[in-house]
Amino acid sequence: MHGNFGPQEQILWPASVLAGIVMCGAVYQMTRHVSSRCFKCYSMLNNRQKVEWNNRGFSTLHALVAAAVSFYLVMISDLFNEDAHNSIIIDRKSWLSDCMFGVSIGYFLTDLTMIMLYFPSLGGNEYLLHHGLSMYAIGLALLSGKAHMYILMVLFTEITTPFVNLRWYLDVAGQKTCNLYLYNGVALFVGWLVWVFEFSTPRGTTS
């Protein structure tokens, strides 16, 4: 593996990882403060449930950012358009994909730390395996500068995370019988369909 460690990467990579960690911490605290003031059900949760409630706040934000950036780079920009560049697709990257990967590593590090601190309340061994493999794959793509398109395609699956989190929020708030719970389930299904149809044949799949 031949990494490209130029001056830009030496600053961008650690800065983006740090940004991901800071983002998680800031959103965790913001979720706690807003929820304690705006949602009556929050005060009725036990301490572990409050931790998970706040944790899902920064999980949701990361998912939205990751899905938006991934969709832009793969489907809208010409980064992976086979007619726009001479290089093969597996070698294509940009500062934005580098930054997104760094932020995602920062998110997974933060979430993994919380999972271990509160184990197994926030997730069992499968979460440890998932986060470990995710950081390995993203880190490998970041250091090698290769396969960015495929990592972005996987990151786009985060589009379903806000719906999964909303389902949990409604459940612990005792709102499983409300219409929003049903509509959210439909939206979760549609989110998966979007990934299947939009990313199963992305632009420039031939090299």
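The backbone N, Cα and C atoms fix where each Cβ goes, glycine too.
If you look up TrEMBL, you'll see 48-207 marked as domain 'TLC'. Taken from TrEMBL, the feature transmembrane segment covers 12-30, 58-80, 100-120, 127-143, 149-168, 180-197.
Of the candidate ranges 58-80, 100-120, 127-143, 149-168, 180-197, 100-120 has the most C-beta pairs within less than 8 angstroms of the transmembrane segment (12-30). The average pLDDT the prediction assigns to the domain 'TLC' (48-207) is 91.
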